[in-house]
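Shown next, in structure tokens, is the structure this report addresses.
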Amino acid sequence: MGPRSSTRIPIPLMLTIRIALALSCVHLASSLDGRPLAAAGIVVTGDKAVNIYTSSQTGSIIVKLHPNMPKDKEACAKAPLEAYNRTLTTLLTPLGDSIRRIQESVTTSGGRRQKRFIGAIIGSVALGVATAAQITAASALIQANQNAANILRLKESITATIEAVHEVTDGLSQLAVAVGKMQQFVNDQFNNTAQELDCIKITQQVGVELNLYLTELTTVFGPQITSPALTQLTIQALYNLAGGNMDYLLTKLGVGNNQLSSLIGSGLITGNPILYDSQTQLLGIQVTLPSVGNLNNMRATYLETLSVSTTKGFASALVPKVVTQVGSVIEELDTSYCIETDLDLYCTRIVTFPMSPGIYSCLNGNTSACMYSKTEGALTTPYMTLKGSVIANCKMTTCRCADPPGIISQNYGEAVSLIDRHSCNVLSLDGITLRLSGEFDATYQKNISILDSQVIVTGNLDISTELGNVNNSISNALDKLEESNSKLDKVNVKLTSTSALITYIALTAISLVCGILSLVLACYLMYKQKAQQKTLLWLGNNTLGQMRATTKM
């Protein structure tokens, strides 16, 4: 097979609006209808919205690790806070040193700068081999160097506040939000309450909360000790550090509530540490999140195939795993450039492939145009759930209904069985019990048969077998040809020359002429003989009449 042509749409951010506008001009058709396909073993499992993105937006979170205690409670919390600070410094000092080495590597110009830059990266990696992702992270760290310096310039004002979250904008090139998860705890427990607590209880509460936060910090930075500055922080780690205050930054960066959960599940929101100051216990993290463009008229439809029964054995439909539909146009979608969530696809670019007319006709409901491959084995799961109902191949497995009791049989030639709550309430398949709540209405096609002409060979073993049969047929044909050649070799070539053939034809023509003349002569003689016989008979009858007349006289 040759390479298939594809439709490639590069996705720089400046083209997002143009693509969205172009697609919005196309009339939106209904989703791919799976009702006529289910009985043919092709199941539409769901749709997802298609989005394009580029990681272009950044913002900074300044995590205030050390909380400010109320003046009247500082003495009570002094001991646990000092222990917390010592542990915190021990845990995060490797991170700060790694960040500082990489940022200082750009102080030299020219080729030496490049060598120092790579050397700083390799010095931060345990095995001495820097991956492309780590070099990219280090480059981002260098770019954030000025922003980190600006944040450190404001560290006194950041550490002095008792607010759990507030914007830091003075002299910064990007949005920065100072958050303090521990400060939030202190405010909730001590600053914003009139309840009087004794010193022992304050010490215990602060100590327990600090230990819990240290555990979270260890969870975040523990796996990064080997290369602390070069590993991205996940959204979960960011929430562990910042608490619920993380939402404030995301909202400021333009992430809507309807999009937030989907983006969190995609893993596209990440963070990179850009500074750690042990004196003030400030941790700076640059957060990167995507700029997303939604293609309103484009959706991705997911297809699954079920092993069906045919007269040639079990087979599966040859259809794409994912197709995309815009208006009446359906093409195969390459999802290798996309990140999937439960409801969305986030793609850096959109790559589609045109489908053959047969597959296009098949997906539009013409099941007689669907092609099947005998590649599914007998151990393939012969059933699939769909919206509270079951599509099963009851020839491959026993479909036992527990309520009402009975065995569901599959008619001869029927590809699969559609089982819903009207035919069985509780279904048992291979020891798995399912309670059915859905139904297949009258719009679902049933009793579909797969013709022999629709089943083709695509598996490697089957193709090898077919090639073996073809080779045997060719060998037999060659044997027949050799036998024919041997017989032809015995023919006298002189007898088959041109002059001999002309002579044979001439003699044959003369023989035919003689034969025809002989036949005409024979017919003439027979006719003449019959005429003579008639004359003699007339003469005889006439003579006899005369003799009788003479006798009477």
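Backbone N, Cα and C define each Cβ position, glycine as well.
Swiss-Prot lists 142-170 (among others) with the feature coiled coil.
For 466-491 (among others), the entry in Swiss-Prot reads coiled coil, with the evidence type sequence analysis.
Within 10 Å of the C-beta of Cys338 (disulfide bond) there are 23 other C-beta atoms, taking all protein chains into account. Per Swiss-Prot, the feature disulfide bond maps to Cys338-Cys347 (among others).
Residues or ranges marked as disulfide bond by Swiss-Prot on the basis of similarity to another entry: Cys362-Cys370 (among others). Around Cys370 (disulfide bond), the C-beta neighbours below 8 angstroms that are at least 6 residues distant in the chain are Ala40, Ile42, Ala317, Leu318, Val319, Gly358, Ile359, Cys362, Ile450, Gln454. Classification of Cys370 (disulfide bond) by DSSP places it in coil, neither helical nor stranded.
In the three-state DSSP scheme, Cys394 (disulfide bond) falls into the coil class. The disulfide bond feature in Swiss-Prot is assigned to Cys394-Cys399 (among others).
The disulfide bond feature in Swiss-Prot is assigned to Cys401-Cys424 (among others); the stated evidence is similarity to another entry. DSSP gives Cys401 (disulfide bond) a strand state.
Sequence annotations record features per position, and here Swiss-Prot assigns N-linked glycosylation site to Asn85 (among others). Under a cutoff of 8 A between CB atoms, and with a sequence separation of 6+ in the same chain, the neighbours of Asn85 (N-linked glycosylation site) are His66, Gln281.
Marked as N-linked glycosylation site by Swiss-Prot on the basis of sequence analysis: Asn191 (among others).
Summarising the environment of Asn366 (N-linked glycosylation site), the number of other Cβ atoms within 10 Å of its Cβ, over all protein chains shown, is 14. As annotated by Swiss-Prot, N-linked glycosylation site applies to Asn366 (among others).
Annotation comment: Swiss-Prot describes Asn447 (among others) as N-linked glycosylation site, evidence class sequence analysis. Its Cβ placed at the centre, Asn447 (N-linked glycosylation site) has 12 other Cβ atoms within 10 Å.
Per Swiss-Prot, N-linked glycosylation site is recorded for Asn471 (among others), and the stated evidence type is sequence analysis.
According to Swiss-Prot, the region 'Fusion peptide' annotation covers 117-141, on the basis of similarity to another entry.
When Cα-Cα distances from Asn447 (N-linked glycosylation site) are compared across the recorded positions Asn366, Cys399, Cys424, the shortest belongs to Asn366. Regional average pLDDT for the coiled coil (142-170) in the model is 61. Between the C-alpha atoms of Cys394 (disulfide bond) and Asn366 (N-linked glycosylation site), the distance comes to 24 Å. Asn85 (N-linked glycosylation site) carries a helical DSSP state (H, G or I). The 10 Å shell around the Cβ of Cys394 (disulfide bond) contains 21 further Cβ atoms across the protein chains shown. Look at Cys347 (disulfide bond): DSSP puts it in a strand.
Look at the disulfide-bonded residues Cys362, Cys399, Cys401, Cys424 and count other Cβ atoms within 10 Å of each Cβ; Cys401 has the fewest.
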